[in-house]
Amino acid sequence: MFEAGGLFGFTGTTMASLMFFWSVYRQFVPYQIRDYLEKCFYKMFGLVSNSVHIKFTEYTEDKGLKKSQAYDLIRNYLSSKSTARAQRLKANESKNSKSLVLSLDNHEAVEDVFQGVKVVWSLSVWKSNDQADSSEKRYLTLSFHNRYREMITTTYLDHVLREGKEIGLKNRERKLYTNNSSQDYSAWREGRWSNVPFDHPATFETLAMDLEKKEGMKKDLIKFTKGKDYYRKVGKPWKRGYLLFGPPGTGKSTMISAMANFLEYDVYDLELTTVKDNSELKKLMLDTKGKSIVVIEDIDCSLDLTGQRKKKKEEDEDEEEEEKKKEAEKLLKRERGERESKVTLSGLLNAIDGLWSACSGEKIIVFTTNYLDKLDPALIRRGRMDNHIEMSYCRFEAFKVLAKNYLEIESHDLFGEIKRLVEETDMSPADVAENLMPKSDEDDADICLTRLVKSLEEEKEKAKKLAEEEKMKKAARDARRIKKKAEEEHKKKNKVEENGDVSHDNGNHI
């Protein structure tokens with residue numbers, strides 16, 4: 001007679017062996033082989049099984065144009081389940097780096113229980129063998145018994161998406177994105193955009209700018225965030241364009257950071273020179289999320305977007321010099337093996353303001369430039385760049401903001417002298433701030449303000465000399481132009497006289 005103790009002993013030994021072999025299999029067998037074996041197993045098992053599998057891809061379209069929001073929400077939901085149940089986890093720093101956030105690692109599975117029903121989530125990665133596309137495609141698979149199909153596809157999935165959204169809002173960390181180079185396809189394994197936490201401290205309160213202009217900017221941004229229904233009513237995509245222009249050091253980048261902090265938006269820093277062509281630019285724009293600011297800094301330098309309708313320059317020699325410089329830069333790029341971007345002006349306009357721009361809402365687009373007159377009018381027209389904001393040199397109102405930020409003072413005996421100088425002298429807020437910043441523990445407000453006064457006086461004298469030199473150069477150019485015109489008129493007169501003599505001689509001959 002078979003004894004119960006022997007049965008239990010046999011069963012326990014068998015289960016222990018199976019658990020051991022399963023652990024070895026998961027730990028040491030490469031995931032490529034595991035994927036293949038598991039696919040074969042599921043196919044065989046599917047003939048006699050009632051299991052259902054639902055696949056959630058990272059990108060919604062076959063060609064990966066737009067990232068799936070459902071995929072991100074499910075990843076958020078699974079992050080809380082993975083910590084306690086998964087064997088392999090991926091650790092990332094959380095907001096403010098105070099703790100770690102654990103999430104499901106690639107090629108790992110985790111169980112979940114909902115209303116007594118057990119389901120299994122697995123994260124897989126598929127890599128194309130096509131050399132032209134070496135990117136990795138991620139997808140999540142939900143597996144469950146067929147008898148629970150209705151409950152899982154309605155109640156459970158609604159629960160997952162709702163919980164994932166709440167977790168995402170709770171753990172949301174604003175990010176600064178930059179586009180990966182089209183030439184570096186391996187970077188695309190993490191998507192078209194790479195990101196780091198956005199932690200810039202700039203605010204409108206600390207921005208060195210005219211108070212009235214700042215308040216107008218804040219009101220404009222608030223109006224935009226509340227304008228979803230209004231934009232739909234008037235038939236426009238929910239986006240707004242800002243053009244920030246002014247000399248270097250006047251706070252254009254700081255303004256963008258202040259806007260992002262004010263709205264609590266992510267920032268996408270789009271580097272056009274690394275974008276392969278117009279098609280790639282569209283994909284990048286589609287892969288940006290709502291509640292974000294897309295920035296193209298120094299757009300006059302990013303690509304040759306200024307020459308299509310460029311105004312004729314005053315001096316031909318300056319134009320020739322610039323053409324020589326451009327040719328030298330192109331030659332240098334070819335020698336380095338760098339590929340030139342094929343993004344065109346029309347391609348950029350279509351990406352930011354064409355049919356494709358309506359694919360995601362609540363988005364702000366910002367261009368910055370040091371030279372407004374260099375830009376093509378089509379690029380900055382009203383309706384495309386709705387708000388043109390001049391970031392000018394530091395005047396007294398902006399100086400008072402900087403003095404409060406750097407020295408924590410709102411009045412001083414030198415303020416009167418400084419007011420006179422900043423109104424007469426063109427100095428950028430960045431240069432003013434550098435003079436106000438204490439260089440040692442001994443530097444107090446008196447020392448810093450005295451240093452600023454001296455710097456302003458030197459800058460004023462320098463500007464005066466430059467103006468005199470420019471005046472002399474202009475006089476020399478005018479003299480050359482008058483001389484050249486006189487020589488041309490003289491040549492023309494001589495030619496007319498020569499033609500007259502020839503005609504006279506021909507008449508005598510006849």
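Including glycine, each Cβ sits where the backbone N, Cα and C put it.
The transmembrane segment annotation in Swiss-Prot covers 7-25. Look at Swiss-Prot and you will find Gly246, Pro247, Pro248, Gly249, Thr250, Gly251, Lys252, Ser253 tagged as ATP binding site, backed by sequence analysis. Positions annotated as region 'Disordered' by Swiss-Prot: 460-510.
Here the features listed in Swiss-Prot are painted onto the structure.
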residue : record           : Cβ contacts under 8 Å, 6 or more apart
Gly246  : ATP binding site : Lys252, Asn370, Glu390, Met391, Ser392
Pro247  : ATP binding site : Asn370, Met391, Ser392, Tyr393, Asp426, Ser428
Pro248  : ATP binding site : Asn370, Ser428, Ala430
Gly249  : ATP binding site : Ser428, Pro429, Ala430, Asp431
Thr250  : ATP binding site : Met391, Ser392, Tyr393, Cys394, Ser428, Pro429, Ala430
Gly251  : ATP binding site : Leu207, Ala208, Met209, Met391, Pro429, Ala430
Ser253  : ATP binding site : Glu297, Thr368
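Over all protein chains present, the Cβ of Lys252 (ATP binding site) has 22 other Cβ atoms lying within 10 Å. Within 8 Å of the Cβ centroid of the ATP site, not counting the listed residues Gly246, Pro247, Pro248, Gly249, Thr250, Gly251, Lys252, Ser253, the chain contributes Asn370, Met391, Ser428, Pro429, Ala430.
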